[in-house]
């Protein structure tokens, strides 16, 4: 080991330099100052002295006490006056009593050698640790020196080897040249093979071998010295552990020896020590968990979509929601756990909490799925049938026209003879296939007609020749122009006597729908749905328009389309009518429709037959979705059902966040609207319909019935039969149950009868709207109307001591009654409103004075009546209000 100075060794051990010098002198090492060197032998001598001193101190402690406690007791007396007195009147000597007082003192004296021994023990431990560290440093130094020597040896061997090879090559070259010069001197040299002299190579190899043996001997010598030094230190450490006394009292057993590695239990123990204790300690250490408390904050990458709730953001940062809400309060933002935050606010909060925000697009996965679908549809486009939407006003014969084309009787089966949902059919003709979409004509089905115009190729506008252009006809024209879809006008009912096709052309031309005969681009076809007249011309016009448009679609790959209608079938579950726009829809495909997903269990065409696949422009009913998609949602086929589920759930979450944000924005408005709610009556409705489109149309139409005095609220709207939950909701909210083409199940009917819930069934949307309108009208408060019943003109003014000014009047119109209110008019301007105080004729009080009769009128609390004024008498009448 390297020699240290006394001062450096004192710093290593951790004791003052003066104490180390005194301990060295006590150990017999004298004449050492702070700057003098201290060898390993001196350190071992000092350690041995300190150990002996500690052992001797402990033996002295066993023979003599380490501390002495002295107790001293001092007893004295104290006289105190006795309590109580002598006789009642006698004054005798004062009595006293004696009290013993004992004072105890206790002092403890500690032997100074015990303190010194304790300090010496600490010095020994520090010295042992210092020696162990020195040994480790020496081993590390020896290892490094051995590695460096080995590296130098290898480098030297490599250099000598290269030098020997070069020398041997030079000698061989010289010998070959000498041999070539003497080749012609003798014939034996010509016949013999020229062999180089190996003497130089042999000498070089012997030299190299001698050098290698010398280096190997030096390396072994260094390793033996290091090993001997290490063994000597280990023997000294084992000797230290053997001479150390056993611990007394309740000291820990299995004390670690200096020679043992870290973490290994000692062999020697107390009475219960030994292998069992050692193995127990080993097992306990193995059972310890490896968790370590973080020394610095954990920074997470938090993915933040466009909108996120407070609870979800706290979960992503692995903090409690209360902690995040407190942080938001510090930033001046008040929010609840379910409130949605925008992306910028969430980024600021994440940065404030010490994490790293990562902005993600909420529609990234959705775009990936749609891109995969579009790539799967790449290919050559094939001609496809045109999609034709039939639009027009109600009762203009749209469904009857389609029935005649399809040779079916759909209109007769419609409730009320009107269409109330989109019907989709495809028809085989001589010139090709055509897909027809029949839309409702009633004003309540605006959304259905708009959807029909968006997904169609051609619009057939049906106009009755006897009615002309009606409101829904104008609306259909607007939808077609907004969707930039070509139109074909079918002038229906031309077989009626009062039919006027020219008037239809005139009215449509005012809406910029110009016939071809007038120089426009719109075909006008005269048809009769009942007689079947003009149907071939209509089909020919449709197919001609389709040929001009050159319609085409990819017929292979994943299908995509749009949802026309959805309903809840009791035996089939959620079913959706979809129109395939491209690709091939097959049974077993994974489907994504808006916020719903599923696997296609069955495909059914409009005739009720099951089919295995459906191509472009073919409408089919799909079974197997997880729920009811909304009409108008896009339909795509995806390769992975898991991705479809993730996209559907993400869309639902986006809708939920949007709804929560709208609710939060409406809270401030509600604060002001709550003051008016007591004045406004509310009609609550629960609507259940057979299909999604009908429920949507009925909900919108009923909500539009609201007025300033009565508000109509559709608190729930759904598809399917009326169940118990609908009845319970109507009970809780005091609502009216409306079933549109659906009925209540047995449990719901029983609950309705028990609780007397207002339940109504409708099959025609007219009846539903009309009856709700009548119910609302009955809740309206009647209006008060004023009817003028008489008019009197002031001819003169008299003064009365009792009544003040009395007007002498002539009744010019109607009659003046005493109990009715009056108005005083001057120059046809009302200057006073009040009531009559007296009405007299010839000094007699009367209740009524008719036209053409003079009378005296006293106006209550009004004396400024002048000649020429008019007194108007009127009555208030309650009138029933209607919507």
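Yeah, the Cβs are placed from backbone N, Cα and C, and that goes for glycine too.
Residues or ranges marked as region 'Disordered' in Swiss-Prot: 52-102 (among others).
Residues or ranges marked as compositional bias 'Basic and acidic residues' in Swiss-Prot: 115-179 (among others).
Residues or ranges marked as region 'Disordered' by Swiss-Prot: 115-297 (among others).
The compositional bias 'Basic and acidic residues' annotation in Swiss-Prot covers 204-237 (among others).
Residues or ranges marked as compositional bias 'Low complexity' by Swiss-Prot: 239-248 (among others).
Sequence annotations record features per position, and here Swiss-Prot assigns compositional bias 'Basic residues' to 265-275.
The compositional bias 'Low complexity' annotation in Swiss-Prot covers 276-285 (among others).
Taken from Swiss-Prot, the feature domain 'tr-type G' covers 383-550.
Look at Swiss-Prot and you will find 392-399 tagged as region 'G1'.
For residue 392 (GTP binding site), the count of additional Cβ atoms within 10 Å of its Cβ stands at 29 [all protein chains shown]. The GTP binding site annotation in Swiss-Prot covers 392-399, 438-442, 492-495 and rests on sequence analysis.
Averaged across the region 'G2' (417-421), the predicted model reaches a pLDDT of 43. As annotated by Swiss-Prot, region 'G2' applies to 417-421, with the evidence given as similarity to another entry.
Swiss-Prot lists 492-495 with the feature region 'G4'.
Non-local neighbours of the region 'G4' (492-495) in the same chain are 396-397, 401, 462-466, 501, 526-531, 533-534; each lies 6+ residues outside the stretch with a CB under 8 Å from one of its CB atoms. Same-chain residues lying 6 or more positions outside the compositional bias 'Basic and acidic residues' (204-237) and placing a CB less than 8 Å from one of its CB atoms are 1, 44, 131-132, 135, 138-139, 142, 145-146, 149-150, 153, 156-157, 160-161, 164, 167-168, 257-259.
DSSP classifies residue 494 (GTP binding site) as coil under the three-state reduction. For residue 494 (GTP binding site), the same-chain residues lying six or more positions away in sequence with a CB closer than 8 A to its CB are 465, 501, 526, 527, 528, 533, 534. According to DSSP, residue 398 (GTP binding site) sits within a helical segment. Most other Cβ atoms within 10 A: among the binding-site residues 395, 398, that distinction falls to 398.
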